Amino acid sequence: MFKKLINNQIFQVSVRNYKPRRALMYVPGSDERKIDKIRSLQVDCVALDCEDGVALNKKEDARKLITEKLKDIIPTARNDVGVRVNSIDSGLCEEDIKSCLSGSHLPHTLLLPKVETTEHLKWVADKLNNTLETGQKINLIIYIESAIAFINLHDICKTAASLSETGKFTPTSLVFGSDDFCASIGATRTENSNEILYARQKLVLYAKAFNLQAIDMVYIKYKDPDGLKSQCEEGMRMGYTGKQVIHPNQIGIVQESFMPSIDTIEWAQGLLDAFERHQATGKGAFTYRGSMIDMPTMKQAKNIIDLIQSVKKKDPVNN
């Protein structure tokens, strides 16, 4: 009764129970040595990269290698394995999709960079409809990386949701591409990133409005664990659910930072237990640890426990 009540009546607008993507790590699709290390990485999400991590004269090599390696990776993968294709406007995306989605083992997720208009989503929906077989569907992560993309963000999210109803992709996440965004507006990056604060917050707002994960910007100083941790904590306070990483040394810090503390978990589970007890006795409003509990607070607690359960389900050995 409690679970049914929570899911169907109280938490209708809570975040969908996606696979956790606390850390999204890029692996160059042309580097076989790095791809072979994926199995040893305890990371939520791996993106085999056809885009920024691959030189122009290595794009075809990357496509072929990714398609071949997916045969070995996908059958035993506990993490989310995706392919980041080149942008649609680059003229390379169609070949990326044809190659990387035509093998015997599909990636779990397609990562689409530099989405700026609804036409970009309609284009990729058409290509996926023509490439994937009947019954096949793939997760879609959407990158927002320019001023015009932020202007169109509402329409982009709305169109993604609409196309997914009959198409062959499920939108799961928005990613903030901070460096390309800075270039698009002519901003100069600073240590505190105040120049991109508005955009960083806006992405979270739209992600949560459309029940999507929000994945934060890259921290490029991979030898600065303290700075990374600080930026992770800042992002989590804003509402981000994960962060892009560029080096294996960043994975542990990022994934730990995007997990609630033991005290927070105990608070959330205790609150849900108290709610169940009060519902059983027919009582509505109640206090918990000296505070009056309302529905937004209940939703926060439910989302915390959902995250913990998702992580345990993904990697039961290490939990």
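In case you wondered, yes, glycine gets a Cβ from its N, Cα and C as well.
In TrEMBL, annotation is done automatically, which means it is predicted and not curated.
The domain 'HpcH/HpaI aldolase/citrate lyase' annotation in TrEMBL covers 22-248. Here TrEMBL flags Arg84, Glu145 as substrate binding site. Annotation comment: TrEMBL describes Glu145, Asp180 as Mg(2+) binding site.
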Quiz item: Going along the chain, which residues six or more apart from Asp180 (Mg(2+) binding site) have their CB under 8 A from its CB?
Solution: Lys114, Glu145, Ser146
Quiz item: According to DSSP, which kind of secondary structure is Asp180 (Mg(2+) binding site) found in, if we only use helix, strand and coil?
Solution: helix
